[in-house]
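Summarising the annotation, TrEMBL assigns domain 'Integrase catalytic' to 3-167. Per TrEMBL, domain 'Chromo' is recorded for 266-310.
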Amino acid sequence: MVLYHPPNLDDDDVWEADLIDLQKYKSYNDGINYLLSVIDVVSKYTFVEPLKNKSGKTVCAAFERIFEKGRKPWLLQTDKGKEFLASEVQKLFKQKNITYRTVRNPDVKAAIVERFNRTLKEKMWRYFSWSKTYRYIHLLDQFVHSYNNTRHTTIRMEPAAVTLDNAYIAVKNIEKSHEREDKKRRQPRMFKYKVNDYVRISKHKGVFAKGYEQNWSDEIFKIIRARERQALPTYEIEDLSGEEIDGYFYEEELTLVNKNIENEAYEIEQVLKTRGKGKNKQVFVKWLGYPAKFNSWIPASDVENIVKNI
C-alpha cells in the first residue's frame, strides 16, 4: 500500500475499525473477501487493507501494515466482531500499548468508521456503474487517497492536512458539528412514512447500505414500527405473510407503494404446475420477486389478465 499519511503526527487520539464484507465480489478481486477500514476520529484520516479472510492471523497482519506507516492510536474501538478479539490481534495491541474496547450499544456501533464505509462503497458503486465491472482492488489506494485529500464536511479540512499543530481546528469544527446535530435532535422529527404503509426496499440493502443506484424489490412489505436511531428516522418491516424482517431500514432504502395492494395484480415469474380442467383449471405460480413461501394456486382464467402495475 502507498504511504499517504502526514509524517509529523504523534500518537493519535482514538481510532475506530471495522470490516467491510465484499465476499460477493471476490472472484473479480483476486480472492479479496473483506476490507479492514480504520479511521482516526479527529482527523478522519483513514487506512484500508484488503483481506482474503478474517482470521486473527490475517487481521493482525493487516494492523501491523497500518502501524508500520508511522501512526497508531492510544485507544482503538470496534464493534463486537470476533476478528478483533482474536488472541493475535489483542497481543499486537498490547505490544503497541494500545487500549482496546468494544462499543456496547448495538445502535451506536462504531459510527464514524461506518460512515466512512458508506462513503467508500459509494465511490466503488459509482465506479462499478461507470466501468461495467466489479473489479475495484487495483483502484483501492486511489479511492482512499481521494478520501484523505478531500475536504471533510465535519472538520472542514482535508484529513491528510491535519497535523499535531492544527488538530485543534478539527476538534473545534467537530464540536460545532455536534452542536448542530444536538439542535436538530431537539427539533420534532418528521417521518416520511408511517406504520401500516406499504413499501418496496432497495435491492442493495445488505450489500451497500444506502446512497447508491437504487433498484427496488418486486416484493412489497409493510411498515410495522418507526423510530429514531442516532437522530435518523428508521423503519422496521414485515412481509405480506406477517413475518418480520431482521434489521431496520433508513428512509433512503424504502419507496412508498401508493396503491391499494389488496386490489392490485402481480406479475407471475413462472407457472410451476396445473390441476383441474375447464373452468375449474388452476395454476400453481411463483410470483415475480417473492420467495417460494408465497407460491400459490390461482384460477387459470385469471392469468391472462395479470400485469405488473403496482
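Cβ coordinates are placed from backbone N, Cα and C, and glycine is handled just like the others.
Unlike curated records, TrEMBL annotations are generated automatically.
With a threshold of 8 Å between CB atoms, the same-chain residues lying at least 6 positions outside the domain 'Chromo' (266-310) that come near it are 217-220, 240-241, 257, 259. For the domain 'Chromo' (266-310), residue counts in helix, strand and coil come to 10 helix, 18 strand, 17 coil, using DSSP. Mean model confidence for the domain 'Chromo' (266-310) is a pLDDT of 74.
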